[in-house]
Structure formats: structure tokens, C-alpha cells
């Protein structure tokens with residue numbers, strides 16, 4: 001949807017090609033879309049922890065890049081929703097393409113020798129990323145970005161279904177949990193877009209604490225952030241299983257899922 005003029009705030013009139021359903025500058029003069037901004041914390045803090053944990057476990061740098069890529073998307077999305085400036089929109093949308101390319105590389109190269117690097121898929125994904133960037137900078141059509149991102153996600157899903165169906169079926173729970181949570185976020189994203197006028201009208205009559213629950217784009221951040229984080233854990237789980245480690249999902253403080261890699265068994 002095109003930018004709408006709600007209230008004027010610190011960052012001035014929106015220059016982005018998208019302006020979401022949350023009313024602008026209602027909560028804070030300095031943050032255009034408050035709830036859409038702060039909901040990105042789930043895409044920033046847990047992935048940073050995941051990157052640190054992966055580094056400590058001595059695992060391959062591609063998974064560190066996966067976690068940091070997701071964190072970069074969260075930072076970019078924070079900047080975009082805070083300002084609604086076109087430059088910040090690019091900082092949100094283009095890292096979505098780049099980080100998902102890293103996810104694709106990880107899941108498609110999970111059955112290769114340890115520490116090995118495959119140049120051909122890297123070259124293909126690099127060309128894809130550059131092509132999408134060049135086209136999107138010239139043709140500022142959000143639907144193009146959404147289709148390209150959706151194509152990458154489809155590649156992830158198809159590859160993952162193959163793995164849990166034919167290779168490691170005992171890893172189904174983590175994958176299908178990741179997928180279900182991501183699809184729930186996608187559903188809420190669509191509801192937010194299609195029924196925006198009704199949602200905005202309902203917020204005028206609902207108590208503020210209840211109206212916050214209808215900020216479905218913020219829920220999209222939360223669920224897709226969690227779904228993406230779980231996908232990285234799943235990809236890391238598959239890789240470490242192939243390398244004959246013993247991956248185990250544990251919960252930090254009994255709540256947040258993390259993956260711990262135990263050393264190989266020695267005979």
C-alpha cells in the first residue's frame with residue numbers, strides 16, 4: 001500500500017513505497033510505527049545469542065552468518081518502521097533476500113564434507129541477489145521483492161520436506177514447528193493488509209491494551225522471526241547430524257529454544 005499521512009513526527013513525511021496498517025506516530029513522536037518497530041527485537045537478540053553459541057561450539061561460519069543475517073533483517077526492519085524512509089525500507093527488504101540466500105546455501109549444502117565450500121551454488125545465489133537488487137532499485141515495485149523472497153522461501157521448504165521425508169524423518173518436529181509458525185505469521189500479514197480499514201476502525205473503539213493485539217504486522221515480525229530462527233536451528237540440526245554430532249534442542253530459562261551440539265561418541 002502507498003504511504004499514508006497519519007500524524008507528522010520526527011522523521012517527517014514517509015518516503016517509503018509501503019506504509020503498513022499501524023497508525024503513524026501515535027505512541028511516540030520519534031517512532032513512526034511503534035509496535036512494528038519494537039516487535040523486531042525477536043529478530044535481533046535471539047539470533048545474536050545463536051551466533052555466539054554457534055561460534056563457541058566451533059561450528060561452521062555459514063551458520064554464524066545465518067544468525068547474523070537474521071539479526072541484520074531485524075535491525076533493518078527496526079530502522080524502516082521507525083522512520084518510514086525509503087532508504088531504510090531498502091535496509092529492511094534487501095537483507096531479507098541476502099540472508100535467505102544464506103539459508104538456502106546451508107540447507108542445500110548440508111550433506112557435504114566438513115568445512116567444505118561449494119563455489120557453484122555461492123555463485124548462483126550471488127548472481128540472484130545482485131540481479132534482484134539491481135532490478136528492485138530500478139523498478140520500485142514491492143510485489144517484485146515479495147515474489148523473489150517467496151521463491152527463496154519455497155526453495156527452503158521443498159528442500160526441508162525432502163530431508164525430513166527421506167533422510168532424517170526424526171527431525172520432523174523442529175521443521176514443521178518452524179514452518180507452522182512462519183505460515184501463521186504470513187496469514188496475519190495478509191489479514192493486516194486486506195482488512196486494514198476494519199482494523200484501524202476497531203482500534204478507535206477498543207481499549208489501547210486490546211487494540212495492540214490487532215497490530216498484525218507486528219505479529220508477523222514475531223512469528224516469522226521465530227520461524228526463521230527455528231529454521232536455522234533445524235538446518236544446524238541436520239548438518240550436525242550428518243557430521244555425526246549429537247544435536248539436542250534445549251530451552252534457555254525453560255522458554256527459548258536453543259541447539260546444543262554434543263561431541264561425537266568415541267568407541
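Glycine too: its Cβ is placed from the backbone N, Cα and C atoms.
Curation plays no part in TrEMBL annotations; they are all automatic predictions.
In TrEMBL, the feature transmembrane segment is placed on 95-111, out of the ranges 95-111, 197-213, 248-264. Cα distances from residue 81 (Zn(2+) binding site) to the binding-site residues 19, 20, 22, 24, 33 are smallest for 33. Here residue 22 (Ca(2+) binding site) comes close to 33, 34, 35, 36, 215, 217, 218: these same-chain residues lie at least six apart in sequence, with C-beta atoms under 8 angstroms from its C-beta. Of all the binding-site residues given, namely 81, 217, 221, the one with the smallest number of surrounding CB atoms inside 10 A is 217. The largest share of C-beta pairs under 8 angstroms with the transmembrane segment (218-238) comes from 174-191, of the ranges 64-83, 118-137, 143-167, 174-191.
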